[in-house]
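Quick notes on the structure that follows.
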Amino acid sequence: MAALWLSPSPSLRHLLLLRPRFPGSFPLRHSHSRRLLCSSAASSTLTHGDADAPAAQGDGVVDVNPPRGTRDFPPEDMRLRTWLFDQFREVSRLMTFEEVDFPVLESEALFIRKAGEEITQQLYNFEDKGGRRVVLRPELTPSLARLVIKQGKSVSLPLKWFTIGQCWRYERMTRGRRREHYQWNMDIFGMPKVRAEAELLQAIVLLFERLGITSKDVGIRVSSRKVLQAVLNMYSVPEHLFAEVCVIVDKLGKLSRDEIERELISTGLSSEAVQGIIEVLSLKSLSKLEEVLGSDDDAVADLKKLFSFAEQYGYADWICFDASVVRGLAYYTGIVFEAFDREGKLRAICGGGRYDKLLSTFGSEDTPACGFGFGDAVIVELLKEKGLLPDMSRQIDDIVFPLDEALEGPASNIASSLRKKGRAVDLVEDKRLKWVFKHAERINASRLILVGSSEWERGMVRVKILSTREEFEVKAGELE
């Protein structure tokens, strides 16, 4: 790598010379134009690959925007992302979950399922150079299931694992919905009772509370896939239609009732069954559901237990029963839930549920499991909406500045010593003092350490506390 920088190729040297020296060297970004980077040495044109990507404007013109629906993370955005991920990790630590990870690139077979799930139409899938069908993962749960199967009996149940990973879906973009996003998943394997769901819901509420969000801002709708199964049984609907019906009724609230009815009838359901399904899924009261299904029904029993746990945990005001929640993924088998902003301006903030039969679809033995996925994009939009984004300004402890070229060595020694003590230090040289003060303000530095000739002859440096303008001398070896 060093040889590359010491003797760059002609094309790289040419690109380095294109680095702008003055603000405004490149045109400003406008909604009707793209920022372009020109290089006559480039031999090809890079575009988004989307139908709406702009045509290349001559040889060597490169569109410097990321592919449509994806994001760059310049320093200020990266600081926000790191802060949010730290919140995810801290809540996971409090809940005693362990972190795992898996490849972004997975086998396509892991995500191809029946029942016409929307997600199967949104895959970034292709054939690799070895002829294998692969996919950029659209979600994390199947990868987690694969890892659980791979670990086998080397791990003991219950497993409490979490991950933060990038996911890809080729879908229509709206506010808070992108074609790539990062997702925080928490999953529990080997816990068959609703205690697992109660724990996951507490994790979600803990995260919201840490972010400054209250139950007046956000609610969590809760239901069970068993509700829909019970209604289908009432109308003798064949078992093989269950997953397909779930996918359709998950669109309640997104499509009109007439559109939902037409899609359900197209599966072969009778008009009577369709009306019965929609009527039950319109219920917002657990007591009303109990009147329809009976107190002995499994779905009713599970939900009553979960709401009892919610009282004990202290988050009952966050959750509400809503029979229309079924979630769009086919593998859910029991309780399902999703968080929403009460003003209704955003899509679902997070969602999850129980999936006791997922492992058997991959050829393993079924294991009780449940989990949730929590995307990064929607929660950031909500924090913006509520004015809850933290100050993400850059924060530096010290700037060390030699006032003379002959003092660059001592300045280097001071910077190194402070860094070893855990302080963030920016070593600046070849600048005017006026520039250094402006730079200190830009990066929120706490101290400015000036290495001057007269002070250094006495083994001293001059320290300026930038917040108070206090100024004093300190022995170089006693800097902390």
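Keep in mind that glycine also has a Cβ here, set from the backbone N, Cα and C atoms.
Annotation source TrEMBL lists region 'Disordered' at 47-71.
Sequence annotations record features per position, and here TrEMBL assigns compositional bias 'Low complexity' to 47-64.
In the predicted model, the domain 'Aminoacyl-transfer RNA synthetases class-II family profile' (79-390) has a mean pLDDT of 91. The domain 'Aminoacyl-transfer RNA synthetases class-II family profile' annotation in TrEMBL covers 79-390.
The L-histidine binding site annotation in TrEMBL covers Glu139, Leu140, Thr141, Arg169, Gln183, Asp187, Arg327, Tyr331, Tyr332.
Between the binding-site residues Glu139, Thr141, Arg327, Tyr332, the minimum number of other C-beta atoms within 10 Å of a residue's C-beta occurs at Glu139.
Around the Cβ of Gln183 (L-histidine binding site), a 10 Å sphere holds 22 further Cβ atoms from the protein chains shown. Between the two most distant C-alpha atoms of the annotated L-histidine binders (Glu139, Leu140, Thr141, Arg169, Gln183, Asp187, Arg327, Tyr331, Tyr332) there are 21 Å.
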